Each structure stands twice: as C-alpha cells, then as structure tokens.
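Visitor: Before I ask anything, here is the structure I am working with.
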C-alpha cells in the first residue's frame, strides 16, 4: 500500500511538472501579453546551458507600445542585464551584455510587425542587428566577455534581479513569436532564411520545441499576422 501511494505521489508530481514546464512546438503561434503589468511573463528554459562567447537571437514582435519596454531579458544569478534586448522607442533598440549597453537606430513604422535579430561575437565585440531582414548599423561592446550560464530568461518583463524585480512600466504588451537562439553568429544568408521562416536548428531556444513556464495573464494564440507582413519596411 505504501509503495502504491508513493508511486501515485510520483505520478502526480510528474504531471504537475509537465504542466508547469511544457515543451511544445509553437509553430504558427505567439505568446500574447494583453496588458501592462508586473506579474505577467513567460519563463524560457534553454535546451543548452553553457557560457556564451557568441550568440544570435531572433524573434517576431507586434506591439503598439510607444514607451520603453523589454523584449528579451536574460539574467545570470550574479549580475544584472547579462543579455538584454530593450526597445526605447520606435526605431531605437538597446542591447546589453554584462550590464553594458549600446543603442542602434533605424527606420520603423509605429504598430507594425517586426522581425528582429541580433548577434554578438566576443572575440571582436561586434554586435549585428537585423530588422525585417535588413541590416542596421553594427556596434561594438564587451570585447572578450563571456555571457554567463545558468540564466533566467524572461519574456514580457525586464529583470532587475535574478528572476524578478519587475516594473510594469518596462513590461511588454503585444505578441512575441518565432523566438530562436543559437550559440553562434549566423551569417547574413542564414539571417535572411530565418526571416523567411526557416529556423535553422537553433540549439539554445527552439520555437519548435520550446520549454517554457507561463505566469500571470500570458496566453498562447495562433499568429494572425502573415509572414509577408514583416517585410513592409525595406
């Protein structure tokens, strides 16, 4: 009897864990953050956990926010803004690595779907930016740095500490989808393929096999914006 109860307990625990940490093919779907808050977010669990000397992150976002907001927040256990993608305003993005940031500017339309990619190479410190398949100006930061592992990766909020410290005035409101991350710098040809909807086997975060945890009022819905809508800005 005790053995049966023990097995039942293990089964219930396993079920709860599966609900909390789902691995799902999210092709054609988006995370929707419907409101400004400090409680609504999605935690992403990486497939590969290692210190990073190179990376590429790509995703699609659709929002009508005009205030500053976080798009991708990756914090290490010790330190702040280990890897942060932040949007200050229309046509202005910030990339932070090891709590040092750089800004990039370009042409965007308000409340238009955006496909965004950024990559960074430690050996040169060069960060590249691509918006709707078009390259923006390259910048440099944190040459020789290594992005720490064991991250807390959050969508919908900006972390001021490891896994928390949220501010509703920095929260994201809108849709995020097709988020993938690699431990390498993708070539321009590969970036264009990703922009066209080819994921190219991401090994850190894979939208087609994503581990995530939903928190607060965040939901999954079919993507209503066609991929062709992301090439309005050229």
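Glycine residues also receive a Cβ, built from the backbone N, Cα and C atoms like all the rest.
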Visitor: Need one residue: from 54, 81, the one Swiss-Prot lists with 158, 159, 160 for Ca(2+) 1.
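Guide: For Ca(2+) 1, Swiss-Prot names 158, 159, 160; of 54, 81, the listed one is 81.
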Visitor: State which of the following binding-site residues has the fewest other Cβ atoms within 10 Å around its Cβ: 158, 160.
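Guide: Per-residue Cβ counts within 10 Å for the binding-site residues 158, 160 bottom out at 160.
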Visitor: Determine which residues of this chain, when 158, 160, 170 are set aside, have a Cβ within 8 Å of the centroid of the Ca(2+) 2 site's Cβ atoms, and list them as they appear in the sequence.
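Guide: Filtered neighbour residues, in order: 70, 73, 157, 159, 165, 166, 167.
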Visitor: Give the sequence-ordered set of same-chain residues, not counting 81, 158, 159, 160, with Cβ within 8 Å of the centre of the Cβ atoms defining the Ca(2+) 1 site.
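Guide: After dropping the recorded site residues, what remains is 70, 73, 75, 80, 84, 157, 161, 165, 170.
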Visitor: Residue 58 (disulfide bond) to residue 81 (Ca(2+) 1 binding site): how many Å between their Cα atoms?
Guide: 18
Visitor: I'm trying to understand the geometry here, so how far is the Cα atom of residue 54 (N-linked glycosylation site) from the Cα atom of residue 170 (Ca(2+) 2 binding site), in Å to the nearest whole number?
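Guide: Spelling it out, the Cα of residue 54 (N-linked glycosylation site) and the Cα of residue 170 (Ca(2+) 2 binding site) are 27 Å apart.
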Visitor: What residue among the binding-site residues 81, 159 has the most other CB atoms lying within 10 A of its CB?
Guide: 159
